[in-house]
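A.B. asks: Quick paste of what TrEMBL says about this protein:
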{"type": "DOMAIN", "residues": "41-224", "note": "domain 'BPL/LPL catalytic'"}
{"type": "BINDING", "residues": "Arg85, Gly86, Gly87, Leu88, Ala89, Thr90, Phe91, His92, Ala154, Ile155, Gly156, Gly167, Leu168, Ala169", "note": "substrate binding site"}
{"type": "SITE", "residues": "Lys151", "note": "site 'Lowers pKa of active site Cys'"}
{"type": "ACT_SITE", "residues": "Cys185", "note": "active site, acyl-thioester intermediate"}
Amino acid sequence: MQLPAVRLIWLGRAHYSELLALQEQWLRRLQADPRPGAPSETEAGALLLCEPAGPVYTGGLRGGLTPEEATRLRALGAEVRATGRGGLATFHGPGQLLCHPVLDLRRLGLRLRTHVAALEACAVRLCELRGLQGTRARPPPYTGVWLGERKICAIGVRCGRHITSHGLALNCSTDLTWFEHIVPCGLVGTGVTSLSEALQRLVTVDEVMPSFLVAFQETFKCTLISEDSPS
């Protein structure tokens, strides 16, 4: 049986706005009626990946940042954006792997809940491949992937007409002090960590990329097709 194909688009170090713009292009592409140039029935969408070029705080559909807080965060030199994903406030920045799968869940045989579970399993598998044991998903309200009481990977998605957007943010060598200015995902009393902190050595986004692609194909049961340009 042929596995569904997913386009792999790696933006490298990019501004968050570039990732959002490309995500919007793929959302329109998947939501459009079939026509020349539209994804085939065996193509499930695109996996958009980047390392943020600068610090960005984002709020979700449930809010998370007041106007006063946004002003305070901008004064730190960070960008502040509202997004359409689920969840509350979080941080994105250099040293973090951002993964936005824009997928037609029907072509992968998934529902929203199993899609989120696959994202969690993907992050856990990646940590295992990099030699970090003990990470796990937790029951609500503790979304994402955790190492003890510290979150190593945030997850927030949006789904409309079976098409997903947004996804996960994995801390590789992220400057974790940026998280001190917010309550990440609205969870008081919890902390954050990174692969570098947990493994006590520098772990870059470039280093984890091959393992992440293996983990993604395993958990989503798909074939990744590289695409040189973000078209």
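Placed from the backbone N, Cα and C atoms, the Cβ positions cover glycine too.
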A.B. asks: By a simple count of other Cβ atoms within 10 Å, which of Arg85, Lys151, the recorded positions in the record, is least packed?
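C.D. replies: Comparing Cβ neighbours within 10 Å for the recorded positions Arg85, Lys151, Arg85 has the fewest.
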A.B. asks: Counting across all protein chains shown, how many other Cβ atoms sit within 10 Å of the Cβ of Gly156 (substrate binding site)?
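C.D. replies: Gly156 (substrate binding site) is surrounded by 24 other Cβ atoms within 10 Å.
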A.B. asks: Taking the domain 'BPL/LPL catalytic' (41-224) alone, what is its mean pLDDT?
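C.D. replies: Reported value for the domain 'BPL/LPL catalytic' (41-224) is a mean pLDDT of 91.
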